[in-house]
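I have placed the structure first, in the form of structure tokens, so that the comments after it can refer back to it.
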Amino acid sequence: VNTQRKLLLRLLGWFGLINGFIAVLIGLRYLFFYSFPDDVWALSYVPLATITHFIILSNLPIALLLIPLTLIVPNKRLIFSLAILFATLIITSLIVDANFFAENRYHLSVLTSVLFDSTTYVLIALQFLIVLAFEYMLANQLFRLLNRADRKSMYGKQIACLIIICWGYVQGLHIWADATYYNAITGFTRYLPAYRPLHAKRDLARLGWIDSEALRNERVVEKLGEAFSEELSYPIHPITCPKKSTNQLNVLMIVVDALRPEMVNSQITPTIERFKEKAIRFNNHYSGGTSSRMGAFSIFYGIPTTYWRTFHDNQ
């Protein structure tokens, strides 16, 4: 039983690593749409973040579920089946998301996936079956190779340590970039699916290690001196402020979070109701989102909320 358990653990490790590198190859497509900055730190961050993210993403089911399950129930057929299924789901999802991102410049979500037509679902099912057959052959060949090996190779541990070191470097660099508003690094986050690097801006400010407000103002001043952004071309035309005249409008915006239109009446909000009777009402307005952040973004910028992450990363 112990021999079977060790063999299955080695299989899971190498199977996850190989699928991680397959995911990295798929993930290279995201980099085609990224404008690489002329910066040493960012140039070291982007490739390492891509490699470590996809390898860790591919190994999450193995680390969280399959390894504990192997320690309890070292059943070859069960572990094989689950490993192949999880790897197939991850690789297929990455292929679909990479194609979706190439066309729309944002990642797949539950909301967008329900908008697919029947042809798209058929193609996804076909991709799933092809990847499933490939993962089955890969797992069987890998098991035979490891079963024939006379001695345990130490390269697996060395590769795992190298990946962990690179991951620590990437996360530490992002913590520094996020705390100092260094968007040459933080702006890359939106290009990778399900990528959530570490943040510690508030903790560092609370400890007194950084002055977040001063750093933010410094970055804003630097941005004002730049002619354009690599990712944004907004506004398309320069914003000009005409001279004051007697017929200028006084625009007052009342923004109340989670207030439905039918709740604005004389009983619940009498002051706003009285103001509304003397003002122009826009009844055909469509909000850019149901959340506070997205709704306010669409009001102030007048563009779809899919641009919010880009604006946030380039502030």
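Counting starts with 1 at the first residue shown.
Every residue, even glycine, has its Cβ placed from backbone N, Cα and C.
Feature annotation from TrEMBL assigns domain 'Inner membrane protein YejM N-terminal' to 3-241.
Annotation comment: TrEMBL describes 12-33 (among others) as transmembrane segment.
Residues or ranges marked as transmembrane segment in TrEMBL: 45-67 (among others).
Nonlocal intrachain contacts for the transmembrane segment (79-101), taken as residues 6+ away from its ends with a CB within less than 8 angstroms of a stretch CB, comprise 8, 11-12, 15-16, 19, 22-23, 26-27, 29-30, 33, 54, 57-58, 61-62, 65-66, 69-70, 107-108, 112, 124, 127-128, 131-132, 135-136, 139, 143, 193. Taken from TrEMBL, the feature transmembrane segment applies to 79-101 (among others).
What TrEMBL lists as transmembrane segment is 121-138 (among others).
Proximity of distant same-chain residues to the transmembrane segment (159-177), defined by a Cβ-Cβ separation under 8 Å and at least 6 residues beyond the stretch ends, is recorded for 13, 17, 41, 44-45, 48-49, 51-52, 55-56, 183-186, 189, 197-200, 204. The transmembrane segment annotation in TrEMBL covers 159-177 (among others).
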